[in-house]
Structures are given as structure tokens and as C-alpha cells.
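Please read the structure below before turning to the comments.
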Amino acid sequence: MLPYSAAGYQIYVHYFLFPLRADIWNVIDSIFIMLSVLAIGFHIFRTIEVNRLMGQLLRNPNIYADFEFLAFWQTQYNNMNAVNLFFAWIKIFKYISFNKTMTQLSSTLARCAKDILGFAIMFFIVFFAYAQLGYLLFGTQVENFSTFVKCIFTQFRIILGDFDYNAIDNANRILGPIYFVTYVFFVFFVLLNMFLAIINDTYSEVKEELSNQKNELQLSDILKQGYNRTLMKLKLKKDRISDVQKALQKGTKELEYEDFKNSLRELGHAEHEITAAFAKFDKDGNQILDEEEQKRMRNDLEENKVALNEEIENLGKSFRDNTLDNTLGFAEAKNNQANKTSRISEEEFQIPAHPPPNTLQPPRILFLAAEIATDNGLRFWALHLAFSASKYSI
């Protein structure tokens, strides 16, 4: 097991491990991926096996080709695809969760879950009691009550109105009507209406709370969040360019790699970043940048800096235009902001990973970047930052 520092462990637990366990969508995604991998694997196996069996059948038409094994697993393959498609439809809730109606539905179910669980225990005690009663009274005479499992399904059919009353009346003219009337009264009229009342009361409470709250997540807020994140990435790139320019200013006619590396290490850059930047302009590979190579590096850095300034300026202009043009707001989505579908590429996300010498805590940017990664659903990058922070001593 890798030795984590306190800072790295803090990022790992807070931004990766806990959200991964707590988010139901991660569970659904895991099931979805697992079933998809199994289905793909079987599809490949089935193709190979069918070709093999068909080849044998064509070579020896008088020999029986056994497809029973494949037929069985084809049925399981169809079942996997059916379950996978079900979860794919369920995932639609993840992407429409900003809608106020969807928020009311999910909040209602989450809030009344404990009440429904407690009610379900009481409901099934009564329900199974009637199932046992029906099995003992009519099990030897009525097909629908011949087993305990059939009794359970028959009672569900009674609730839906799909039931043959004459069968139990003929089986027992005294207890048959008593069983039917009391079951319909207690289960259908009392217990089911209690179940609906629990959901209805909770829905009314949630709807009232949402109507009294201001819609906090507007389109302008989403644009602003995206603008701030993009702006931070551009400024990080610009800061890295400025650091390299400072390192070049300290150099003489010939800048050695060690001097260049030490200057940037003091500014918090990782060694692999320094090596890559130096090797890009050290054409002869002698670990020394001469005047011509330094000049090319300065020109390249200046061009990149100008391009970043233009990009920042265009970004601000685009944000202001979009803010003015878009006036429609989204409904409140507090519990769903961590599941946004925006993405940050690996190249854009790279940041200085090492602090200056003798620094006891990792740079604040690691925590900030981990938070951004978590907000965007990028668990992998949150974990990557935990490993980066674990390199610091405490």
C-alpha cells in the first residue's frame, strides 16, 4: 500500500473515496459497465464458437452439432442486455435532474424512504398472514392457492381486480367470503391508502419547500462556473510561462540544465515538466541552452503568452455576450451539481505538482483542483491529485 501523507490522504478520502461510495450513480455506472463488459465478452465468444461448430457441421453433416450450451448463454446474454438497457433508461434521471419536477420526485422518494420502509414491514406482516390463511383454507381445492407463492401472486391480483371470487366461494361458503371481504378492506382500503398518504404528504412538503426557495441554479450561474474554471486553467498556463521566463532571465549566454531546473523547482514545478520544456529547445542535447536556443524559447513563450491573453480576452467577451443573451433559468439543483457532464482534458489539467524546498504542506492549488475535478465528476483526476499530494512530507 502506498504511503500517503496527511494532505494526500485528506484529498483521497474527501474528494475521491467518500463521494464514490455515496453517489448512487456510481453504483449504477459500475453495474452498467460490468454487464457491458460481460456482454461484449460473450458476444466475441459466441461468434468464435458458432463459427467452430458450423465448420464441424459442414465438414461432418451426419454428426449432431450441440448448440444447447450456446442457446443457454444466448438467453443469459439477452437478459444482460435487458438489464443494461433498463439501467441506461434510469440514467436519464441523472441528466434531467436540473428540472424542478424531477427534483420534487427524487426528493420525495428520498425523504419518505424511512417511512415507507417502516410501513412495508407492517404491510407485509398482514399480507403474508392472509397468504398463509388462503393457502390453508383453499390450497387443496383452488389452483390459484395451491402453493404459498401462488397465494402471494393471487393476492396481488386481487388488489388489481383480476380474481375469480366464485372459486373460493365454492371452496368454502363461510370462510371464503369472510377472507375476501376482510382482505380487501384491510389491505386494499386501509393499508394501500396509508401508503399513498405517506407519499402524498411528503410530496406536499417537498413541493412547498421548493416553491418557497429561490432557484439558485440559473443558466447564468452555469455559464459563470464554466467561465471561472476555464479562466483558472488559462491563468495557470500563463503563470507557468511566466515562471519559465523568469528562469531564462537568470541565465547567461549559456544556460545549463541544472540551473534551469533549480530555478523552476524553487517556483514549484515538477521535474518532468522542467525536463520536457528544456528538451524541446535543447536541439543538440548537450544539456546547455546557447543564446540562439534561449532566443527561440523566449520567442515561443512570448507567442504562447500573447495567445493566452487573447484567449482570456475572448473568453471574457463571450461570457458577457452569453450572459446578456440568455435570460432563462434552470430550477434548483443543489444535490446534482457534482454530476455535471463537463470534461477537462489531461493536457489542460496538468499543474505544478511539487512545492518549493522545505515546504511542509502541498500548494493550495492541489486542493482547489481536486475540488474542481470532483465537481465535474472527474474522480480519476481527484485520485491523481491525492497521489501528487502524497509526495509531500509533513
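Along the chain as shown, the residues are counted starting at 1.
Quick reminder: no glycine exception, Cβ is built from N, Cα and C everywhere.
Binding of Ca(2+) is annotated in TrEMBL for D282, D284; the matching candidate from E273, E292, E293 at the same site is E293. Listed in sequence order, the residues F281, K283, G285, N286, I288, L289, D290 complete the 8 Å Cβ shell around the Ca(2+) site centroid, once D282, D284, E293 themselves are left out. Taking Cβ-Cβ distances under 8 Å and a sequence separation of 6 or more, the neighbours of E293 (Ca(2+) binding site) in its chain are F281, D282, K283. The number of other CB atoms found within 10 A of the CB of D282 (Ca(2+) binding site), across every protein chain shown, is 19.
Across the range of the domain 'EF-hand' (269-304), the DSSP-based residue counts are 25 helix, 2 strand, 9 coil.
Between the transmembrane segment (116-138) and the transmembrane segment (24-45) there are fewer than 3 Cβ pairs closer than 8 Å, counting only pairs 6 or more residues apart in sequence, which means the two stretches are not in contact.
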